[in-house]
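Undergrad: Here you go, one structure.
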Amino acid sequence: MNKGTLALLISGLITIPTAAMAMTPNTDLNLMPYPQNVELGQGKITLDKSFSIYIKGYDSPRVQFNAKRTMDRLYRQTGLPMLNWHAESEKDATLVIDIRNAPKSEVQDINSDESYQLESRNGQIIIRSERPYGAFHGLETFLQLVTTDATGYFVPAVSIQDEPRFPWRGVSYDTSRHFIELDVILRQLDAMASAKMNVFHWHIWDDQAIRIQLDNYQKLWQDTADGDYYTKDEIRYVVNYARNLGIRVIPEISLPGHASAVAHAYPELMSGMGEQSYPHQRGWGVFEPLMDPTNPELYKMLASVFDEVIELFPDEYFHIGGDEPNYQQWKDNPKIQQFIKDNNLDGERGLQSYLNTKVEQMLEQRGKKMTGWDEIWHKDLPTSIVIQSWQGHDSIGRAAKEGYQGILSTGYYLDQPQPTSYHYRNDPMPKGITVDDQLHQGEKFATYDWVKPRNKGGPRTGNLTIIEATDGSYRAFTDYNGKSREEVFIIEYVPGVKFKGYFDNFMSYTEFNYDFADGKLKDSSYQLIGNVRWPAIGELVASSDMQGSVIPKPNGGYPAELTEKEQQLILGGEITIWGENLDSMTIEQRLWPRSYAIAERLWSSQELTDERSMYKRMKVMDTWSEISLGLRHHADAHMMLKRLANGADETPLQTLAKYIEPAQYYARHWEKWISTPNEGDLYNQYERLNRFADALPVESLAVYEMEDLVAAYALGDKTALDALAMHYQSVKLAAQQAKPIFAANVASVETVPVAEAAIKVADLGLTLIELAKQGSDISQSDAEAYQRIINENAIIFDETIVAIVVPTEQLLHTLTD
């Protein structure tokens, strides 16, 4: 593999499995999610002050709401006053909304028809749909089509046939750990509708707070929400607003675990011994309190809560949580253990199923279908339930094999910073093994065990196997921490010397960077999880050169391969946005514009996988969503930087923020956990969310551009060095100016090392560029010194990563390999 190809492949925008086979959109239209079928015609339809709308066929207040909303946003996008927009007839209208039939029921359901057709030609735009939901989606596509040139605003002549791939396309919002203001929620609903997402999963109940007003059992919210809760009228407003947008709203009431708030309010419903009392839980994690399924009073409370909540949420589904139960209280309670024995239950797992069965029956009596996280699955429950999976394709695939419906959330955790490309590659549909893991005649193999320590919790373990085929090619796979066997895409491999390759595990982008010596992983070996380098240790445990050794069997089995009938049970997916590190000011930065990429994965063709196109269109959506919807992901970040600047010019902070990334995956959680002598002091509701890291975008598009420039240089484009130098100069100047600003604010004193590291790496980048221009050779000792600078500054600084280390390391390798 030549150096230019290597640089391209390890760019954040190009990946090995998609580089050769990715399907791109068939037009240059910046649409997300991209429609199923688009035919671009000749000409355009002009939009001016005479623009008008005519509603043909089915009409209702909800349709009128969306027509008016379209006009309001069209004004935001163009600035043109369009005052007389109610057309008198179809032929007089610029835009015709033609809905053939009313919805089948007042309450939208999972089987609602969301298809539409949009045609713009002969001076008119027509949106046709069988039901109103499709028309609402068509209006969003229309607004994304609006553009301008020197002559005016217009929509291109186009014919679109569109429908969703999956019926369940949602976002799970955690408003328990941190309260999210009502206006922020409404704005997220607007954004969801623009991405054609149709489920708002309201996580309103957890360990830290219950944020729903209830007439009965009032201590649930009065004693846990610190006064920050949603009244019944506010909830009705949200549900109705979402309904107008074609979005279903599903509440989550967590049981039997994540029950610390219930325990604080009504300790007698828990499973502890004797007189029980529990503090108001402020920390993050999995805690001891567990509801007592043997206590009749528990079911009285649940029945009362269900009745009140169901009155507010008309959707057919009701989420019961069910995840992460800590069974210790059940194990320690003799009365509960006797109950398990007397009822012939399958241990604590069987007791949870007993509870879930009773809850499912209670909900069924109230006209609801039960949904919950992986842990609710049990053979005793009916297949009408829906499993929401945080445990990944293994779990959702197993459930489908047993006849259960499922939705995927693993890989869509947007509270965890990750490259958007990782989320985009993550398809809800489980697929079988994608690599030949069998050793054939004449082939050789090597298997290394590895261990990756973590700052919180036990280490991750697994193995890596590389097979050399008879034609000299290589293939690789890993058995990762008990998960099913996965293909590893090889970037670089020198047998016995080094291995570089990556795969998408169930929670993060994972890249193996291993150096070998004498059958062991050298100290320089690490795993890149997101953008954070975690040291790894390990050794060769099996190979063709070790007599009698064989490739280990997969300790987690093989990924599920579903039949066509079983595939129908995969309903879609949900973005999850957990609230430990988020509040009303920071939540939009995590969600937008990246949610458009996941929305496309859930709506568009499975074959549409080109990541360059995705990033290009997402960049356009980034600006469009600010203008059309009023999203505040950039405005809030700018305000936070102004707050850090404390009266000084915030421009250097804005510039530096383009090149620094928050530490990805769970790294920020773990940093908070270990950052004080008494571990966990910052891992709670009291932790501040005003750091430089909190104001940063999840990934640096400027750094991706730098990586492309390094790749271009490696392919022979020497002019790329000048453009690359401009980036380094910009970073260096911004960091120099930012350093005293950081030092002058108590909220950013700990960020000073970020600026210092950025200066060091920028200086190294400029040095390497000068050496490249001069054509100077780099000695081994100098190369090692330069690599040390990179390694020393690739660590976490104040919960951030100096992202320019990546193109700098690529440039170093380009000059020395």
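Every residue gets a Cβ built from N, Cα and C, even glycine.
Just so it is clear, the model here is predicted, and its values are computed rather than measured.
Per TrEMBL, signal peptide is recorded for 1-22. Residues or ranges marked as domain 'Beta-hexosaminidase bacterial type N-terminal' by TrEMBL: 29-162. Per TrEMBL, the feature domain 'Glycoside hydrolase family 20 catalytic' maps to 166-423, 562-605. Marked as active site, proton donor by TrEMBL: Glu324.
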Undergrad: Which residue counts does DSSP give the domain 'Beta-hexosaminidase bacterial type N-terminal' (29-162) for helix, strand and coil?
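TA: For that range the per-state counts are 32 helix, 48 strand, 54 coil.
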Undergrad: Using DSSP, tally how many residues of the domain 'Glycoside hydrolase family 20 catalytic' (562-605) sit in helix, strand and coil.
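TA: Here the numbers are 18 helix, 8 strand, 18 coil.
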Undergrad: What count of other C-beta atoms do you get within 10 angstroms of the C-beta of the residue listed as 'active site, proton donor', across all chains shown?
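TA: Summing over all protein chains shown, the residue listed as 'active site, proton donor' has 15 other Cβ atoms within 10 Å.
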Undergrad: Per-residue pLDDT averaged over the domain 'Glycoside hydrolase family 20 catalytic' (166-423) comes to what?
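TA: The predicted confidence over the domain 'Glycoside hydrolase family 20 catalytic' (166-423), as a mean pLDDT, is 98.
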